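Chemist: Copied straight from Swiss-Prot:
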COMPBIAS  32-42  compositional bias 'Acidic residues'
MOD_RES   SER78  phosphoserine
MOD_RES   SER123  phosphoserine
MOD_RES   SER127  phosphoserine
MOD_RES   SER137  phosphoserine
MOD_RES   SER139  phosphoserine
MOD_RES   SER150  phosphoserine
MOD_RES   SER165  phosphoserine
COMPBIAS  165-174  compositional bias 'Pro residues'
MOD_RES   THR190  phosphothreonine
MOD_RES   SER269  phosphoserine
DOMAIN    298-568  domain 'Protein kinase'
MOD_RES   SER306  phosphoserine
MOD_RES   SER311  phosphoserine
BINDING   ASN430, ASP462  Mg(2+) 1 binding site
MOD_RES   SER642  phosphoserine
Amino acid sequence: MSFLSRQQPPPTRRAAAACSLRQKLIFSPGSDCEEEEEEEEEGSGHSTGEDSAFQEPDSPLPSARSPAEAEAERRRRSPGAEPSSPGELEEDLLLRGGGGGAQAAGGGAEGDSWEEEGFGSSSPVKSPTTAYFLGSSFSPVRCGGPGDASPRGCGVPRAMDDPCSPQPDYPSTPPHKTFRKLRLFDTPHTPKSLLSKARVIDSSSVKLRGSSLFMDTEKSGKREFDTRQTPQVNINPFTPDPVMLHSSGQCRGRKRAYFNDSSEDMEASDYEFEDETRPAKRITITESNMKSRYTTEFHELEKIGSGEFGSVFKCVKRLDGCIYAIKRSKKPLAGSVDEQNALREVYAHAVLGQHPHVVRYFSAWAEDDHMLIQNEYCNGGSLADAVSENYRVMSYFTEAELKDLLLQVGRGLRYIHSMSLVHMDIKPSNIFISRTSIPNAVSEEGDEDDWISNKVMFKIGDLGHVTRISSPQVEEGDSRFLANEVLQENYSHLPKADIFALALTVVCAAGAEPLPRNGDQWHEIRQGRLPRIPQVLSQELTELLKVMIHPDPERRPSAMVLVKHSVLLSASRKSAEQLRIELNAEKFKNSLLQKELKKAQMAAKVAAEERALLTDRMATRSTTQSNRTSRLIGKKMNRSVSLTIY
């Protein structure tokens, strides 16, 4: 659509002051406005070319007229209708000029430069009439008919009305295809960004993912969630990959919630996304309003132990009738340093699961700010109790029992280290004894102890100092069993610190004097010297214990090497796995011998065949020579000579 804009000469007097900047729009042939003009002509049936607000470019342009001439022209078109005041005349001119009537053609002196959207300047020209139009509260009034004497009667029917209607309707808005194309406002609509639709996030604005795809959420009443109401959970730091629990498993699974059109908002989405991905707050050990689970589910039989952390009670569970060991903290742990140790023990138990040489964990809960842990009950008590009893009666663990202790606890450490964890508090009071006559089943590693070992099972317990090998948070244990490198805060060989403590534990079980907590003797032990043992041990076992407390942690054997040491695997104590290994080795040797035997047999057979073939060849050669001799003719014989003479 093309435009021709002609600036009229500045008018004079009051009309010039009111409409000094308006321009007339003249459309070129073939424009869309000609269709409007045709529709207006069809609707009115009597409008002429001079009644149209749009003129052909070849038609003569009206010259500037005075206000008196404009008033006379309006009186001529609407007889009997006189404006009461110049202000009313201006209002009438504005309405009729915007409506496309003849007054628009005759009011060239009042025109602004009204431009079509997308052409010319990007902002309209503000004129006094435009300001008057915006400031007033009137609306265009429909005419009662062509003969209406009101000054607001426009006399121009709407193009969309039926041309056959005797009383055609008149437009209540300027008869333009798009009202906004007239640009009668001072400024265009400000583009709204996504941020302009921001609203305060509440639980009612966040819908479940995908709820708006298949049904109306308002009608369906689909349940909603609030990220602030999400139940809190603890994050176990001893799982194989604790970081992926929030970045992989949750960030991928939970995405931003969908918002409806009225509340769609990037800031709200980002706020919710950050709230979702933020690590969950840790649940602390607080007072519970629930009824005591300890008294409800368990019946306390006796107190079987006490330590720095708390007391251990022997209890029977009312539901299954089995005996369990319930550890209860002595004092409230909420907000204390011991709270982290209690949680660390629960985390470690949950990750390690079930192993024949680790005390089994069942459950844990908090009551009145106290932590309670339900563990496996070991009927033999702790190794410390056994050592104390032996010391009282002046008896000791035999060498066979010491080897069994070293082997079983070594297997437990091998399992803990395989989970990338370290115990960091191996000592006699943390090793428990379970006496049973039931043969032990094959463990996860395929190890099965013999009947003697099954009568006494040594299990590692008290996991309050467990930490990860890769990212250690070391809480130093008993100084009597603490390796020197840990005291120096060298955490590069933490599994070897458990080996060091295990060697001293075996020394205590062998009958040695109580270990020092500090002093010269303490440093002598860290230099690789064993404490004095009141019984005579084999040289092999003594050397093994010395290697286990070597000052250089790299020289100490790992738990994997320890459980396969030849000293611990005697003929009467070899595991089924070791016996199978030896059996397979013997089978392999037998197979090699069988192959060698087959090769020797094949070689002998080939040699016999070669000898037989050689004999046949010799016999064939002699027979051939004899045949040749018998067929020879003329040897030692007179040959007949015939001669013919012609």
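In case you wondered, yes, glycine gets a Cβ from its N, Cα and C as well.
Could you give the neighbours, burial and distances for every feature on this list?
Modeler: Following the DSSP three-state reduction, the secondary structure of SER306 (phosphoserine) is strand.
For SER311 (phosphoserine), the same-chain residues 6+ apart in sequence whose C-beta sits under 8 angstroms from its C-beta are LYS303, GLY305, LYS327, ARG328, LYS330.
Note on ASN430 (Mg(2+) 1 binding site): other Cβ atoms within 10 Å of its Cβ, all shown chains, come to 25.
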Chemist: Whole-number answer please: how many Å between the C-alpha atoms of SER306 (phosphoserine) and ASP462 (Mg(2+) 1 binding site)?
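Modeler: About 12 Å separates the two Cα atoms.
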Chemist: Which residues in the same chain, at least 6 apart in sequence, have a Cβ under 8 Å from the Cβ of ASP462 (Mg(2+) 1 binding site)?
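Modeler: Residues satisfying the criterion: GLY307, PHE309, GLU345, ASP425, SER429, ASN430.
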Chemist: Take every residue in the domain 'Protein kinase' (298-568), average their pLDDT values, and give the whole-number result.
Modeler: 88
Chemist: Counting across all protein chains present, how many other Cβ atoms fall within 10 Å of the Cβ of SER306 (phosphoserine)?
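Modeler: Neighbour count, Cβ to Cβ under the 10 Å cut-off: 11.
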Chemist: Which of the three DSSP-derived classes (helix, strand, coil) applies to SER311 (phosphoserine)?
Modeler: strand
